[in-house]
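Listed in Swiss-Prot for this protein:
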CARBOHYD  ASN47  N-linked glycosylation site
CARBOHYD  ASN91  N-linked glycosylation site
DISULFID  CYS124-CYS157  disulfide bond
CARBOHYD  ASN129  N-linked glycosylation site
ACT_SITE  ASP155  active site, nucleophile
CARBOHYD  ASN182  N-linked glycosylation site
CARBOHYD  ASN191  N-linked glycosylation site
ACT_SITE  ASP222  active site, proton donor
CARBOHYD  ASN351  N-linked glycosylation site
CARBOHYD  ASN403  N-linked glycosylation site
CARBOHYD  ASN460  N-linked glycosylation site
CARBOHYD  ASN492  N-linked glycosylation site
CARBOHYD  ASN506  N-linked glycosylation site
CARBOHYD  ASN514  N-linked glycosylation site
CARBOHYD  ASN584  N-linked glycosylation site
Amino acid sequence: MLLHFILYAALSSVVTSVSLQPRLQDGLALTPQMGWNTYNHYSCSPNETIVQSNAQALVDLGLSSLGYRYVTTDCGWTVADRLPDGSLTWNDTLFPQGFPAMGDFLHDLGLLFGVYQDSGILLCGSPPNETGSLYHEEQDARTFASWNVDSLKYDNCYSDAATGYPNVNYAPSTSPEPRFANMSHALLQQNRTILFQICEWGISFPANWAPALGHSWRIGNDIIPDWRTIFRIINQAAPQTDVAGPGQWPDLDMLEVGNNIFSLPEEQTHFSLWAILKSPLIIGAALKDELTAINDASLAVLKQKDVIAFNQDALGKSASLRRRWTEEGYEVWSGPLSNGRTVAAVINWHNESKDLTLDLPDVGLQHAGTVKNIWDGTTARDVLTSYTATVAGHGTMLLELQNTTAVGVYPRGVFGVSSGQTTTFQNIYAVTTSAKYIISVYFSQPASSTETITIGSNANQSMISAQVPASSTLVSAEIPLTAGSSNTITINTSIPIDAIHVTPPNGTYYPCTNFTLAGSTTLTTCGSGYCQPVGSKVGYISPSGTAKATISATTSGSKYLEIDWINNDIAFDSSWGWGSNSRNLTVTVNSEDPVRIEVPLSGRHSELFGPGLGWWDTSTLGLLTSGWKEGLNEVVVGNVGGDEGFQSYGADFVGIRVLD
């Protein structure tokens, strides 16, 4: 009975099935790794003093005791030439005591020793040239083990032999997988278990192969010192959140908290999302050196124990995108935690403070005994259906919900008020306006004899009669509800009520093949089993291109749509600028104002070698549309405003389900 509620709450969960690789089974990274890395602040210019002072700060500032233990020296540590025996060595001007001594220093502090290398012939950041590990994997793995290294971050520069080993090649002639596999296998031959962090920049959809080789993998290109980078990165995370789990973590890149780039609310958003998406939490700021010390506000963000606990939760399940309101400038991500808890994040993309509401059904819930607002430091109790709070510009309402009731379930003791034989249930949620909701009334004791009860809602002027057979504890009926969270249901009966369950209509699906195309749009047949559930898609939706259909509705009002779309426009080169991993779509009903949604990536196959190059993988998001009337309605899927974005073409369109 609750299945359909779960389906419409988990709005981003509909994706083409992919056979994913099993994780590397070695007992490491059962929760995402935490630590500190030189790169974000010091680029490729680290030295021994920098690493040691920041490592000491991890301890002195209380960060290591919270889990930040891996200390990694990124690019800039080695030299152009190997030793006569072919082994790696360090730059002894920058690291006069040497890397083994650095490892001893870190281990004496109770920290873990991380090094950086590259799967190419040179390290990223060359020139000045620093030798890479390509063709030297076994020897370098032995060297790392002899230095008592605890983790290896393994990059992807200067690696494509077929094109002359360029610094960067986002479309290499072959998948990066074999190069990372070579180092993974070499590490596994050592007598020391080493955390392997794969840094392939999201090339060739590593979620399909990296979990079998390493403990984390970069989902995309580097984080950049600008607020827009957050939207770009989480759009790339969206289609692979279900892959996260013990020993296999999608890496959203190192943290910029403390680098004086973001405002405090922006840092809270950044840290919140990385935490609940189960990314490794690797500090990229200068904690303490001769010139710099992290500010207190940023340090407090990094030390927020609840947020760290979300990241390190034993269940190991990532949050996923649930709803996105593009024009209104906010969205909801949510996921499960251990002990039946739920974490939810409501992101305010606008740079001004506003009151935002989380409708609990959007995250699969109807009631929460407690709602803890992490960044506000407040707790609300007995929250029914909706929770509202003020969210700073670019900030996030981060919530922990406990003692919850599943969506669509309304216990009388929580939602009902009784007077005599009349019980009124309040705060009833309706995702769409429809006369086809099913109410199931559960009684706390069997009916002693056949009884006729009446049921009404504020969306219906007359009461509905339903007959309860003798000895029955359940009766169901069809009732109307209006989209929103303020519906009421009134029931008259002498039988004591335990709870009601409310189920929305299944709706009707309209495939893209039923739409009339205009302008630039084209209909394409996909490979067998792809572009689900239709097998075809409409593409090349320019700002003047449309797909139009006439759709019948049984009632007027606002209707909830589930739109199936495809987007694999990955921001590689464009990630340094305004690339966002998103594309635009609009839905217009009866010439009303279009409802716009900027959809994230959906691709779950390699953009270079996979079926359809990732452009056959469907995902789903929901949106509420207005302007519906009883009878026939003109529905237009288009790309209104697309010419104002970075990418003028919209996402590909597969179909829509209208909940009427």
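Every residue, even glycine, has its Cβ placed from backbone N, Cα and C.
Features per Swiss-Prot, on structure.
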| residue | record | DSSP (3 states) |
| --- | --- | --- |
| ASN47 | N-linked glycosylation site | coil |
| ASP155 | active site, nucleophile | strand |
| ASN182 | N-linked glycosylation site | helix |
| ASN191 | N-linked glycosylation site | coil |
| ASP222 | active site, proton donor | coil |
| ASN403 | N-linked glycosylation site | strand |
| ASN460 | N-linked glycosylation site | coil |
| ASN492 | N-linked glycosylation site | strand |
| ASN514 | N-linked glycosylation site | helix |
| ASN584 | N-linked glycosylation site | strand |
| note | Once DSSP output is merged into helix, strand and coil, ASN351 (N-linked glycosylation site) belongs to coil
| task | Have a look at the glycosylation sites (ASN129, ASN182, ASN191, ASN584) and report the one with the fewest Cβ neighbours inside 10 Å. | result | ASN191
| About how far apart, in whole Å, are the alpha carbons (Cα) of ASN47 (N-linked glycosylation site) and ASN403 (N-linked glycosylation site)? | 50
| remark: Spacing of the two Cα atoms, ASN403 (N-linked glycosylation site) and ASN191 (N-linked glycosylation site), in whole angstrom, works out to 46
| task | Spatially speaking, which of the glycosylation sites ASN129, ASN182, ASN460, ASN492 is closest to CYS157 (disulfide bond)? Use C-alpha to C-alpha, please. | result | ASN129
| Counting all other Cβ atoms within 10 Å across every protein chain shown, which of the active-site residues ASP155, ASP222 scores highest? | ASP155
| request: Please name the residue among the glycosylation sites ASN91, ASN403 whose C-beta has the most neighbouring C-beta atoms within 10 angstroms. | output: ASN91
| field | Between ASN514 (N-linked glycosylation site) and ASN91 (N-linked glycosylation site), the C-alpha gap once rounded to whole angstrom | value | 65
| note | Rounded Cα distance, in Å, between ASN351 (N-linked glycosylation site) and ASN182 (N-linked glycosylation site) is 46
| request: Round to a whole number and give the Cα-to-Cα distance in Å for the pair ASN91 (N-linked glycosylation site) and ASN129 (N-linked glycosylation site). | output: 12
| field | Rounded distance in angstrom between the Cα atoms of ASN460 (N-linked glycosylation site) and ASN492 (N-linked glycosylation site) | value | 15
| field | ASN91 (N-linked glycosylation site): secondary structure state under DSSP, collapsed to three categories | value | coil
| request: List only the single closest residue to ASN506 (N-linked glycosylation site), chosen from the recorded positions CYS124, ASN129, ASN191 by CA-CA distance. | output: CYS124
| Distance [Cα-Cα, Å, rounded] between ASN492 (N-linked glycosylation site) and ASN584 (N-linked glycosylation site) | 48
| note | Excluding its own, the Cβ atoms lying within 10 Å of the Cβ of ASN514 (N-linked glycosylation site) add up to 13
| said: Taking only C-alpha atoms and a 10 A limit, tell me which of CYS124, ASN129, ASP155, ASN182, ASN191, ASN584 are near ASP222 (active site, proton donor). These are the recorded positions. | reply: none
| What is the interatomic distance between the Cα atoms of ASN182 (N-linked glycosylation site) and ASP155 (active site, nucleophile), given in whole Å? | 13
